[in-house]
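Before any comments, here is the structure.
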């Protein structure tokens, strides 16, 4: 056990190349920025003065342009056209995870309007529990005692932090502002009294976001292992994902957006775009650029480093987010927060030692699977978790 732990924290394994540390810092910094920038763009009433669906739509458009540009570096236009025609079915198959990720990304704005960045990222770690249970029942993967212990600790840490959030909220009535989200109208009907329960609408939206991530990850695993996708270029698959996500966000904006009911979808789009171009809301542009950059850096991260480093990054993200939220937004770091971060970080680390993954039956050349013909016994667990982490993070790539 101890020898296994020592192998996990070998610095040479963590940073195998000269750029590894730079990629690691960029990866961690961009995810921390994600929560801080959205929180900084909120108004005093915990709402947004821009249309959040339009921001997600613009982000997906930037990702799409980036993926196509990278793809075109190694493929001609005629090759791209041929691959698109030959893989129309793959394009359609990606619509399901794209729809789930569309909901996930829009729920991020809802949940960050209700939770501080530290609580938000901490509660999102609950997806590890959900993923473990999904693999237990859907893929007949029997969990070990260490895995069950890690899942129990992680759930306990999330409950501790949610208990603090509920306790603080129960002292006053909930003020329902015009939350800039597709589901804000539903919130207004559901919540009209005091916030006394550990399980409340805000936690429900977090859980919906978690389940979107997990089920989209499972579906992505199916696609990654399918014979239909093994020969499709990674960036072309990403392009399929992004174009479908653009369509989903357009449907959301046109038919299900209640943020500015008196405006048409075109007016909502151009109002937000004008805010960006005028420089009045520079944070909106930073949010779009940051979220698009996350995808590129995540690809480099998963390609060049071991997955155990992602575990350390998750723990450090929670720590630095809590410190920076205290500095910039005067959000106190309570004993609940400190205890929850410690428990969740420990749980994620224990889980990463022996993760629950469903390995492909055959090895492919797909970059994002990080497969290798030569894998020794010492880094086998890290290679396994890399596949699992790719599916977890695919929504941002």
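Every residue, even glycine, has its Cβ placed from backbone N, Cα and C.
Look at TrEMBL and you will find 21-38, 50-71, 91-112, 118-139, 201-219, 240-258, 282-302 tagged as transmembrane segment.
For the transmembrane segment (201-219), the most Cβ-contacting stretch among 21-38, 50-71, 118-139, 240-258, 282-302 is 118-139 (pairs under 8 Å). Proximity of the transmembrane segment (282-302) to the transmembrane segment (21-38) is established through 3 or more Cβ-Cβ distances under 8 Å for residue pairs spaced 6 or more apart. Remark: the transmembrane segment (50-71) makes no contact with the transmembrane segment (118-139), by the rule of 3 or more CB pairs under 8 A.
Panel annotation: around the transmembrane segment (118-139), residues 31, 35, 111-112, 147, 150-151, 154-155, 157-158, 161-162, 165, 203, 206-207, 209-211, 213-215, 217-218, 314, 317-318, 321-322, 325, 331, 333, 337, 340-341, 344, 347-348, 351, 356-358, 388, 392 of the same chain, lying at least six beyond its termini, place a Cβ under 8 Å from a Cβ of the stretch.
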